[in-house]
């Protein structure tokens, strides 16, 4: 910076010459359109300030300038000294290093500028489509072979014997020869023999066995015998099926067929594995493309996991499911929950093309009407899309039982009336469409003669339909032994036994149709076996519809789903084989997309118009891969289907280009796209892949339109040093990151414990992400532990080979050169890390450098997860998005165990001989970074700016989105009730007044939004102007809080100084439960709110959905995929507790005596509280693991304390390796306390059981009126606001509140807590920032006025045997239950889906009425008469003891 003598002179000149400038435009993401910018009031004029007026007029802005000056100097020192940016840039310039990815993007841009077809891009498209076609063809061949196997061979298998073990070798022949031979002998279609066969669902996992070699020998034989034994057991257990008998020759026949299918699946798995093994010889990294091969049997309804049951049911096309649900009083609470769970199971099996309707019946019947979809609600039928199913589930959860018995006849009458109306309107066709009628009931009849009336109603309803439908009945019971009459009645309904009741059906019965064709199935849903019976019944109930006329006769490629067991994203290819079942294979989505996921572009470059790729489902236009999507590897739940029209904002894409993509086999088209204020030309190249998918590569021009006015020179030397030319060879001291493997060499590296990582200080480690390999999928899924060591040794030998004789082990061609260049840069970082004179040696956790190709080197060397990708981390993305600046991330949790950390990063540009680099022109090829503790920046503030230590002065640092990096609260301990430290603490969380006022500065910050279509949300966030040149202060004058904000030049950080004696007044509404915005109908620039999200309301199946979501596309850009903040480390065989601590990582915290010295030191925390929240008389510096967040022995986000950390927590002044007898003694004490506590619990439990008849608990909410709890039945009497049919009262919640009253402040409970606000209590609507302090006395006053809810068994009898009432003043009167509580500050109340249906259906309960005035029984309300002036009333709690009551009462 300038010398002090010249500083004042320069500022004087600026004060004279400066003039007010116009509001500057905030540089936003380039994909934002002008419609996304929130306009400000035209009459509003922000405060215009010149640098001179800032310096001389406002003293607070002088403090901001001082803070900015200090931080700029420290960041400059970090960039040059700690990150060694200048030196590393010299290395890249001397070696003329450039990235192949960047070169390809340049070629695309230059080609498109001249409107010439890009030959390189077309070659890539051809190559990618061929690879994808081969993978899908291989899968389709397997599926077709399985189909032929079942279609022509099963009916003949029982004639052959498979018990001869000598024939095992003959079955090794190729499957094609066997199929041809059997097909020649039998070309007839399947016969009726399948009726006598009971086939089992069989699933073979194609995952390689990590513990054994690929030789199958005896292991496969044992597997076959095991499968046969399992088949026999399953067949024995399935004796309840009425269609097959296993006590005759059919049992042996079924066993033979099941054994044959199992053998063929094993042989097919062997052949696929052998094929992959042969491919791996030619390609060192070759993936196994199959997850499962399977046969889903129609006999058992695909009794497997949810995903397989969905595949089985999806074979039945265009289904219509009608639910008739009994909600009468015969159902207990448990049975009613069982009914809801069964409907939920069935809904999960339906796909988007299916239809659903629902009718509830008790003494009255009602159709399901969803408010969120009024168009469909008018007809009572809904498509089974994900949005509809979620709303239906919410509706079902809101149902409650009625107080009257069930009128079964009325339920069937309403159901058939609905079917007739839908048939007349053409929405269903019972003659051509599969209809599933399911009646879920207790089956209790008021009179045995009611069964005849029900069958007459059914017969009359069937008569009005074009074709009769099959009815399935489900009895929900607690015990199957006491349902004799109910079982007979429901069995008659399912079988439509009209003959038994002499009902004439000749007038409508189809001619030539057998009675068995209308026979449905009767199921028993028992509470005792709910975990197994519900899933199995939900899929088996579709068995009668598994007919050839309802099934598809082509291959089906299903949308990707996340496997609940493994977490993999799978794509299934299936084929129906009537009448046996479904055959198919599961493929990895990451395998199909490996070329597209690592296509040379990042999300930021895709948004800026550079090349990218996407993959579409040709039948639906839904997207499988796009730069807006995260990697399948980190996807945790199945996303909503996203049409490509939602993501592409090019001109004429939705109206013209999209149709061409889905219709034409191949082609290209060029159109215009507006990115911000720029007009670019975007070209789409596409190719159809076997008719299933459409692969599209996109390139955009317009790089010449960028502003290239400024250049920045980072290398101050005119001459470039000649670094060591031999960066290959054995002298390269570099280790592969797999430190858990013995990598050979002269001496194995010395491993140690670095926080929670296995690390080494001997050398830096090399990590190669999946993008560095030719087959990224093979790298991620072929990591067999036994072969991994050999693979690691081969990679390192190839990288060190200077002769060029060793073969490439599957790496991309440019990786070897990048490793050598990055190694030279790492030597600079390693020497700086080991320098004992370094001023930041105790603060820097680790240093690393990563290339855009996914090569990472770090020191100290650490073990990383194989799924780690440095190019997708937030520090890498932010540095690439802001090249030439030193970028800092918001605090996040370190996977290595260092707690909350901040990453400081800087880009390295491609090498140039003249060493001149421009942030606008040059391409970044690498990012160098280091990690520091989260409090590091606040330590820098205290060291460089003494003014920040004064009272009423706050100094803050926040990054370009408003997340705090430094705040005075970092000096205070974090607890659940005070100073909660979030991983991402935003400015609006901590400084509400500053956030409210700074939103008036249009040239400082914009409130923006983006669309996340995968979870159907609109994300709101803040974007700060990183080109700000002035210092901004208060817009509203006269406020008690004065502030000044300035940009720290050359970075993405902003400095703020607040001078205030009282921070009261302003607040920003933030939800304490989730991220949902409190007002989704309004988004104004000056409305302060925390970063939040709003749901998108819409249905992807409606005809107008495309235009509906396209409207979002025109207004908001798509959100980038979430950054991969935390990726857990892989488990190792080495125990961390047995490893010695790495030098410098432990044992130094006790040497710091003050908080200032302890602040920001890695692995250290200033310990101020014990685990009970009590302050220490003398605080001390301790290890972070033992005093996380300043609380001794508190739990960390990593889990429980291990033995060494627990020892350190109870002995903070003792080193961890010192011996202490606390372990054995403490263990004995804990065991003794547990034994005594258990004995006391047993004694009190028995005592409470004896005196339970005398204990009463009163609750105004539940109105038990003093009944003993042992005699109070929650199922017989309900709350006064419960509806008879479709109400909104939760019995489980009511019972919990009666026994455990919630007396917790909602403002002092973390968002992750299990606390839930009482249903009739006042809601705070998430205004957490309004009460930053402890509970006030006002709340205690209100507590006195509320009824007493006792939940502690240790109360005295005089307390528990009493009724608590209150005399209420007019201002303290409770609201009527029919009117929900409203908040005066909100125009629209954020209610959940369940609560919405509760409010609509709320009616008084017939159990016990409420007074006409709406008052609650047990509450005394003083009367009000007109407007006459009344004297003041006294508010006092009154306790009436039951010992005072008379016998008559």
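Cβ atoms here come from the backbone N, Cα and C positions, even for glycine.
Positions annotated as compositional bias 'Low complexity' by Swiss-Prot: 1359-1369.
Positions annotated as compositional bias 'Polar residues' by Swiss-Prot: 1370-1392.
Annotation comment: Swiss-Prot describes 320-541 as domain 'VWFA'.
According to Swiss-Prot, the domain 'Cache 1' annotation covers 557-639.
Here Swiss-Prot flags 889-934 as domain 'Cache 2'. Secondary structure of the domain 'Cache 2' (889-934) per DSSP (helix as H, G, I; strand as E, B; remaining residues coil): 0 helix, 23 strand, 23 coil.
Annotated N-linked glycosylation site per Swiss-Prot: 32 (among others), in sequence order.
The N-linked glycosylation site annotation in Swiss-Prot covers 112 (among others), and the record cites sequence analysis as its basis.
What Swiss-Prot records for 153 (among others) is N-linked glycosylation site, and it gives sequence analysis as the kind of evidence. Residue 153 (N-linked glycosylation site) falls within a helix when secondary structure is assigned with DSSP.
Residue 407 (N-linked glycosylation site) falls outside any helix or strand according to DSSP and counts as coil. Positions annotated as N-linked glycosylation site by Swiss-Prot, on the basis of sequence analysis: 407 (among others).
If you look up Swiss-Prot, you'll see 447 (among others) marked as N-linked glycosylation site, on the strength of sequence analysis. Every protein chain shown contributes to the tally, and the Cβ of residue 447 (N-linked glycosylation site) ends up with 7 other Cβ atoms within 10 Å.
Annotation comment: Swiss-Prot describes 497 (among others) as N-linked glycosylation site, evidence class sequence analysis. Listed in sequence order, 455, 491 are the same-chain residues at least 6 apart in sequence whose CB falls under 8 Å from the CB of residue 497 (N-linked glycosylation site). Residue 497 (N-linked glycosylation site) falls within neither a helix nor a strand when secondary structure is assigned with DSSP, and so counts as coil.
In the three-state DSSP classification, residue 649 (N-linked glycosylation site) falls within coil. Annotated N-linked glycosylation site per Swiss-Prot: 649 (among others), in sequence order.
For 668 (among others), the entry in Swiss-Prot reads N-linked glycosylation site, with the evidence type sequence analysis. Annotation note: residue 668 (N-linked glycosylation site) sits in a strand segment as assigned by DSSP.
Look at Swiss-Prot and you will find 707 (among others) tagged as N-linked glycosylation site.
Cβ-based neighbour count (10 Å, all protein chains) for residue 1015 (N-linked glycosylation site) stands at 13. The N-linked glycosylation site annotation in Swiss-Prot covers 1015 (among others) and is backed by sequence analysis.
Feature annotation from Swiss-Prot assigns N-linked glycosylation site to 1025 (among others); the stated evidence is sequence analysis. All protein chains considered, the CB of residue 1025 (N-linked glycosylation site) has 21 other CB atoms within 10 Å. In three-state terms derived from DSSP, residue 1025 (N-linked glycosylation site) belongs to neither a helical nor a strand segment and is classed as coil.
Candidate glycosylation sites: 153, 649, 1015, 1025. Nearest to residue 668 (N-linked glycosylation site) by Cα distance: 649. In the set 407, 447, 1015, 1025, none of the glycosylation sites has a C-alpha within 10 Å of the C-alpha of residue 153 (N-linked glycosylation site).
Under 8 Å, Cβ to Cβ, and six or more positions away along its own chain, residue 407 (N-linked glycosylation site) finds 361, 362, 363, 364, 365. When the C-alpha distances from residue 1015 (N-linked glycosylation site) to the glycosylation sites 447, 649, 1025 are tabulated, the minimum falls on 649.
Spacing of residue 447 (N-linked glycosylation site) relative to residue 649 (N-linked glycosylation site) is 65 Å (Cα to Cα, whole number). A sphere of 10 angstroms centred on the C-beta of residue 668 (N-linked glycosylation site) encloses 18 other C-beta atoms. Here the domain 'Cache 1' (557-639) has, by DSSP, the following mix of helix, strand and coil residues: 16 helix, 30 strand, 37 coil. Counting every protein chain shown, 20 other Cβ atoms lie within 10 Å of the Cβ of residue 153 (N-linked glycosylation site). It is 25 Å from the Cα atom of residue 1025 (N-linked glycosylation site) to that of residue 649 (N-linked glycosylation site). According to DSSP, residue 447 (N-linked glycosylation site) sits in a coil region rather than a helix or strand.
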